[in-house]
Each structure stands twice: as structure tokens, then as C-alpha cells.
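Features reported for this protein in TrEMBL:
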| type | residues | note |
| --- | --- | --- |
| DOMAIN | B:4-119 | domain 'Thiamine pyrophosphate enzyme N-terminal TPP-binding' |
| DOMAIN | B:193-328 | domain 'Thiamine pyrophosphate enzyme central' |
| DOMAIN | B:392-540 | domain 'Thiamine pyrophosphate enzyme TPP-binding' |
Amino acid sequence: MRHVISLLIENESGALSRVSGLFSARGYNIESLTVAPTEDASMSRMTIVTTGSDDIIEQITKQLNKLVEVVKVVDISEAAHIERELMLTKVRATGKDREEMKRMAEIFRARIIDVTDASYVIELTGNQSKLDAFISALDPALILETVRSGVCGVGRGDRILKV
Amino acid sequence: MVLTGAEIVIRCLQEEKVEYVFGYPGGAVLYIYDALFNQDKVRHVLVRHEQAAVHAADGFARSTEQVGVALVTSGPGATNAVTGIATAYCDSIPMVIISGQVPTAAIGQDAFQEVDTVGITRPCVKHNFLVKDVKDIASTIKKAFYLAKTGRPGPVLVDIPKDVSMHKCEFEYPKEVSMRSYNPVVKGHQGQIRKAVQLLLEAKRPMIYTGGGVVLANASEQLTKLTRMLGYPITNTLMGLGGYPASDRQYLGMPGMHGTYEANMAMHYSDVLLAVGARFDDRVIGDPANFAEEPRKIIHVDIDPSSISKRVKVDVPIVGDLKDVLEEMIRQLEAAPARNNADALGTWWKQVEEWRSRECMKYKNSDEIIKPQFVVQKLWEVTGGNAIITSDVGQHQMWAAQYYRFDKPRRWLNSGGLGTMGVGLPYAMGAQLANPGTQVACVTGEASIQMCIQELSTCKQFRLPLKICNLNNRYLGMVRQWQQLFHGERYSESYMDSLPDFAKLAEAYGHVGFKIEKPSDVEGALRDAFARKDDLVFLDFQIDQTENVYPMVQGGKGLTEMILSAEDL
């Protein structure tokens, strides 16, 4: 089962490697991991997408909680939540493809944020499946490069992860 | 008061009431050693290898309730310490390791004796720190001690670059620590404890299984009281020996791979199993699938939530300090109107006694050749069961655990989790320094002892009157045993030729050495050794090369599939 685990961690050097080291040492999967400071700069928020049986997910949350620098851990996928990911795609945009790419961006409500005479950079935000759908809708030969931020997520309504 | 970083380090150790630091100097810690030189409160024990410094500090901690402290230099000093740190980590031993680091400006430059100590030790410490500013030394060391001894204890490393130890700042030792990210649970959940007590009283085939957590939490007294109130059978794991008095009738011996028949059977066929400070390790329950075949309710008390439901599903988890939880259980039992099921308990004890009557620890003694079990039994007799026994890893470790009866906690020091050969001698050093009046013996083998044999020199310098009982069978015995049983008797690299004459070697270090070859000389040699109150005596027992450790549960098999003796093969 796929799970999205959010955690607050002290914003200190080495904190990220404690988390990633835990996953590799214990053989847990990481599908994606994002991290950045929160509004309180002394703390970072991490979103980890992982897969595993209920037993494994229970161990993952317990092991994360055990890390001294981890302040709080929540499996946000246990209840209603929102996930978003950002993708930047650089595509070839010449001749008739120029118009086609623009149309595709419109259909997916993406934005073209960089234009040259031969390429566009398209910015798209959404959940994972929307990003996947956009990629598969494009002609692979036209994709020059893509970069995805990894998933970040937040619980709906009054489910709040805060100290 | 304005002090250098190095002086602050030593002042912090004084504030923490550290008596002994085990260490080895080097370039990156010269300022710290200079600060050490200028005071006489914290005493330094100069070892001969950094691994032994950490093991000795670990042995000091295991034999007391204190935090062990080791001090090593950067680079090879730190990497040599890693085995010691990992050993302590696997057995949850409270320790603080201070390592020197190259100057901050040189970090990342591949400087002389530079390694990423924090990176290398990260997976084998409870936590570690790199101190980049002299102003942070005091608060970091305060945190290190706090982390090491609270919650589930463990080693904490503080890496201090050379320039940081040279810089100056105002010293003030913080009185308290508060960390928003670290708040270990102490009190167990009342409702869960009530459920546990209820379950225990209703049990028809109850069993108590306890581990190293009981020793670490200093909860033996509470455990003993609770067990006697309930009248249930109990087993202590390798790490938990001494948690409950081994000479008591309710005690069934050690469980697991080389545990007793009665302990394993009672664990397996119990209907309610109370696990306290133990973790259902693979060496204890064998194959979890086999263990899960019998339906039973499991109550698991542990300070670490991640130990619960890790290898077996638990019905009543209780997270908390063991002493606190056991006291609450006793309180509730005293207040409970219900009593345990006496009829069912009588039947259960009858069954347990039947298992016990198999006398699985019996061995065939000999007049010709020394049996290792006999040596340990004699050691127990000669010391009146009151010595602190350390061991290395292998057959001798199992024989010591099986045949020396530990009636009190912190008397048995061994590397249970990591299984580190070489710990025995440095553990004994740490234990002897911590307990000056107590007899300390190291039960070892000719292979293990050679992994830290250089410490015989340290023992001379610090006048440590240890008794080293070397069960010498000229083989890596446990490896040989597995090769005999599971690898078609192909003894690949498990025989050691060209062993030193250990008695003479001990003499070369300035100690006393005996070589004992006949069973009739065993007791006399031990008595002679322990009568030499001021000498380290190395007793080299030439034992039966073919002796194996029984009973045995083969790796990956279940507790019910025991080999009781060579005849079962």
C-alpha cells in the first residue's frame, strides 16, 4: 500500500541523512522525499511517499519517531488529505509542435514559463496521476527533460501537523 | 569564567560526575588531553587500542548505573572506536564518546586523519553531534548525557574539531535540557496495565520472559516481587541474566538458541506471555512463523515503541519505563479482588517440572579431559556466585551464560546484540575499575581473547587483578560446531595453529599465567588465582576440542525443534 508520511524535523545539518539512512538501513522503500523549512525556520517539513504492508508502515512511523531530531510524524494518507507535485518539462517547440504544445499546456492548465525559438518550459502542478497523464499525452520525442519535485501533502480541514 | 573549549569539555565531565574516561590521545584531541592533565577529578585510563577504550567504558556502564565515557582522536581513532560504539548501540548501553575532529577549516579537505565521523557513526549511535562553535560545547555535552541515559539508552557521540577545543568562551553548564523533539515516555498507560493484569490473572499457562531492559531500567527488584506474587515461571534472556535470581525455583533458565528445554517449551506453549524489556530476537524465539503457530496472548512492556510488534504481533502493548510499569502492576495486583487460577497453575507447573526433569543441561564430565561446563561450574563455586563475569563471543559465552548462575543484575557483561569478539577483557577492565572490591572474571576463548589481548598491558598499568579463564579448544568453537552440524564437517578456517603460550604471554606482560590440562587441577588453579588478590591471573584451560553447546535450536527453526544433546543428531 502507498502511504504519504509527513514529518516535522529540526532544521539541522545531517537531519535529512538520518531519515534517508534509516530507510536504506532497514530496507524501506522511498518513492519520493521532499523537504524544506517551514514558516518556523528552525524546523523543516518532510513528505515521504513510501509503500509497504501495514506492519512495515507502523515500523516506519515508529522508527521515524525514534530519531532524536524528529518532532512529529503523521501518516497523512490515513485520512482525507491533499497531495500536490510540481513538474517542469522542457519540450521541443518548433514548427507545428509550437502550437500543439501550447494547446496541451492549456488542456492540463499548465503554464509556459520559459520560451525560446526552439523550446518551452512548461510548469504543471497537480497530483501524481495528473503529472503522469500529461507526460503520457506528450510525444516522447519532444520531451527534452523533466524534473519533478516529489509529492508534498497536507491533511484536509482541521487535521493539522504543528508543534 | 572564560575557558577554552577543551577545558569546557573536562568541566562538563566533572559536572556529570564522570570518574573515569577511557581513551587514547592524538593530534585532534591534544587540547583536551592538556585540559585533562591540569585537573585530578576525572581520571583517564590509557588503553592500547581505541576499540578497547569504548568497550571498557561500555563495561563500566554495564556494571554500574552510570554513563560510560570514551575519548578518541579523529580519523583512525574514531574508526577504531566504531566497533565499540556499535556494540554498545546494539545492547542499548548509555555512553558518551568524545572524538576529536580536524579543524573546522580543514573539514571536507581530505585533511590528515580526517574522516566523516558523524556520518560513519550515524547508524550505530542513538544520536551524534558535530560541534562547530565553542559556545555550543557545554549544551551539547549536557544533551549527550541526557540522551544517553534517558528513554531507551544508547551511545551518543560528540565530535569536536581541534580549533573549537582551542577557542575560548564563557563557561556555564546548563542545569536542564529541554528538547521539543525528544520526550521519552515514562508512565505506562493505566488502562493497558489494567488489561495486562487482568489477562495475567486469567492465564492458565502463564510465562514471564524478560530481557536486558530489566537490567538497564534497574527494575530487578520490581520484577522479582511481581513474579513471586504471581507464582509464574520466568525466563531471562542472555542480556537479561540476573534480572531475576537464577537459583530461584520459578526460574527456568535462559530461553532461545542455547536456552533450556523447559524455558523454550514454556515460552512456546504458554497461553499468556508477559514480555518485559525483551525484543523477541531471532536468537530467542527462532522462526517467528513457528512461534506464531501456538495461540497465545502477548503482553509486551518496553520503553521503545519500535520494539513492540516488530517481530511478533502483540496483544497488549505497554510503552513506559519498566520500573514504573512493574510498580503499577504490583499496585494493581495488590488491589485486585481476583486471584490467579490456582488449579490451572498447578497443572501448568506440573507440565513445566516434567520438562525440567529432562535435565537438558546435563553433560558427561570426564577425568581425562577438561570439560568447559565443568570449568564454569567450578568458577561459580569458587567465587560463590558473586563475581562479575564478562565474556567474549562464541561457545564459551554460551557455557558461561548456561552454567554460571546469576542471582543479581549487572553481574554478567557480554555482547548480546552485535556479538563482538574481543569485548571480554576490556569489559572486565571497566567493571573492575567501577567495582574495585569485587571479583571480576573474564570467561573467554583463545580466539576472542586475541582480538583485544593488547589490553593486558593496560591491566598492568592500572593494576587490575582480573582473572581470565581462557577456555582453549584451539578452534573457533562456535564456527566449528556449525560446520560440524550443518556443513558436512568441513572445518573451513576454524582451526588455529601456532597459538601463543598464553601463560607465558601473560607473564611477558607482567602478570601471572597458569596452564591447566587436567580436570583435577581446575578447582585448585581457580582457588589459587582468586587468592592472588592483587594479581591478574591468566588461566589457560586446555579443554575438550570436540565439546559442543547444547541444547540447541538451529538457526531459522522453531523453539519446539530442539537438539538436546549429540544423541539427538
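Backbone N, Cα and C define each Cβ position, glycine as well.
For the domain 'Thiamine pyrophosphate enzyme TPP-binding' (B:392-540), the DSSP-based tally of helix, strand and coil residues reads 61 helix, 25 strand, 63 coil. Regional average pLDDT for the domain 'Thiamine pyrophosphate enzyme N-terminal TPP-binding' (B:4-119) in the model is 98. Across the domain 'Thiamine pyrophosphate enzyme central' (B:193-328), DSSP assigns 56 helix, 25 strand, 55 coil.
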